[in-house]
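Down below is the structure, laid out as C-alpha cells.
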Amino acid sequence: MKYIIGNDHGGIDLVDSVEEKLLELGHEVEKIGTYTKDSCDYPDFAKEACEKVLANQADFAILICGTGIGMSLAANKFKGIRAACVSDVFSAKMSRAHNNCNVLCFGSRVIGSEVAKMIVEVFANTKFEGGRHSNRVEKITEIEEKN
Ligand code: RB5
C-alpha cells in the first residue's frame, strides 16, 4: 500500500518514527509535510494529502499535527475522506474495522513515538469488517452528499 505522511511544524517530531514503521511493514511512503519547525498551517498539508488519496495516488494518509485535531477537522471536509483522530491502539483498530477510515490523524504533543508506531501498525494491519458496518458508513456518505 502507499501512504502519504503529512505534518505541520507541530507534528514534525513523529514523522521519522511513522515513516520507519510503514517501511518496516513493507509499505510505500510519500512525505508531503514540512521539514522545519517554522510555523505553518496544517490545512495546507491535510488538503494535499487528501487530494492524493481521493485521486488514487495513495491508499491512505497519516496526518500529524500538535494534537491531530486540526488535521482531522480539515481532512473530514473532503467528500470520501474518513479521518480518525486517535491516541490509542484500540481506537486505531476500530477506525479501520468499523469505520473504514482512509486517513489516520494523531498529535505529536499528545502521544510518543512508541505509541505512534503501535497505532500505525494496527491501522495498517486491520481490514474493514464490512457487514453491518458498511450500512453505517454508507449513511455517513449520504449525510456528506446531502449537506
Ligand atoms: C500548531 O501550533 C497546532 O495548533 C497544530 O499543530 C494542531 O495541533 C492543530 O490542531
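Count begins at 1; order follows the chain as displayed.
Even glycines carry a Cβ here, placed using N, Cα and C.
Predicted automatically and left uncurated, TrEMBL annotations should be read as such.
So that you can see what the record holds, here are the features copied from TrEMBL:
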- Cys65: active site, proton acceptor (ACT_SITE)
- His98: active site, proton donor (ACT_SITE)
- Asp8, His9, Gly66, Thr67, Gly68, Ile69, Gly70, Asn99, Arg109, Arg132, Arg136: D-ribulose 5-phosphate binding site (BINDING)
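Positions of TrEMBL features highlighted on the structure.
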residue : record                              : CB count, 10 Å
Asp8    : D-ribulose 5-phosphate binding site : 25
Cys65   : active site, proton acceptor        : 31
Gly66   : D-ribulose 5-phosphate binding site : 18
Gly68   : D-ribulose 5-phosphate binding site : 28
Gly70   : D-ribulose 5-phosphate binding site : 22
His98   : active site, proton donor           : 16
Arg109  : D-ribulose 5-phosphate binding site : 13
Arg136  : D-ribulose 5-phosphate binding site : 12
Cβ under 6 Å from an atom of ligand 1: which of these binding-site residues qualify? The list is Gly66, Gly68, Arg136.
Gly66
